[in-house]
């Protein structure tokens with residue numbers, strides 16, 4: 001009886017998202033990725049790391065960090081499911097765990113902070129000789145555990161549909177392309193909006209991410225129950 005109530009509750013909330021049309025899948029993927037990458041929250045860090053740099057150096061650093069972040073997430077998109085299969089982790093289990101991780105990532109954002117899951121420790125970025133394009137910009141700011149978990153969740157949702165996998169790769173590229181102008185003009189953006197508006201926007205993105213995370217937990221529970229009763 002308890003399982004039946006849980007199944008009906010989860011399906012009432014998550015059934016539509018489990019049978020998304022292609023357009024809905026693309027929109028959901030883009031929203032999730034742009035929210036979890038969150039270039040607006042990365043902007044102040046980018047400004048602090050590039051203070052005193054010439055414009056050409058700053059552009060080269062930004063290009064390199066975005067290319068590295070895109071390459072890492074692309075690798076996880078195509079190899080992530082194979083890794084899960086090798087470890088014996090079901091897609092339903094990962095949907096639940098990935099949703100929980102994304103929710104933990106969203107919580108600090110709701111309070112105007114950046115999650116420690118995505119952020120390096122203070123002082124790490126100031127190490128002399130450290131290539132900031134790789135660390136902390138590409139990893140973990142632009143392609144941290146939260147972003148990689150999101151990619152794997154979306155990849156498991158796409159399943160063996162190579163059209164959706166290919167579109168996910170394109171959406172990943174569009175996400176990082178959309179991040180480029182925000183980060184490139186980050187100093188002017190922060191001056192224009194002010195810290196208060198940046199904080200408000202970050203919190204709104206956190207609410208969206210939290211809602212999407214809970215949705216994936218419901219989907220994972222529903223999928224696990226369906227697989228259990230169909231045996």
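Glycine is no exception: its Cβ is also placed from the backbone N, Cα and C atoms.
Here's what TrEMBL has on this protein:
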- 25-49: transmembrane segment (TRANSMEM)
- 61-84: transmembrane segment (TRANSMEM)
- 90-111: transmembrane segment (TRANSMEM)
- 132-156: transmembrane segment (TRANSMEM)
- 162-183: transmembrane segment (TRANSMEM)
- 204-225: transmembrane segment (TRANSMEM)
Problem - Selected stretch (most C-beta pairs under 8 A with the transmembrane segment (90-111)) from 25-49, 61-84, 132-156, 162-183, 204-225 - result: 204-225
Problem - Beyond the flanks of the transmembrane segment (162-183) by at least 6 residues, Cβ under 8 Å - result: 22, 25-26, 29-30, 33-34, 37, 39-40, 42-43, 46, 62-63, 66, 69-70, 73-74, 77-78, 142, 151, 154-155, 189
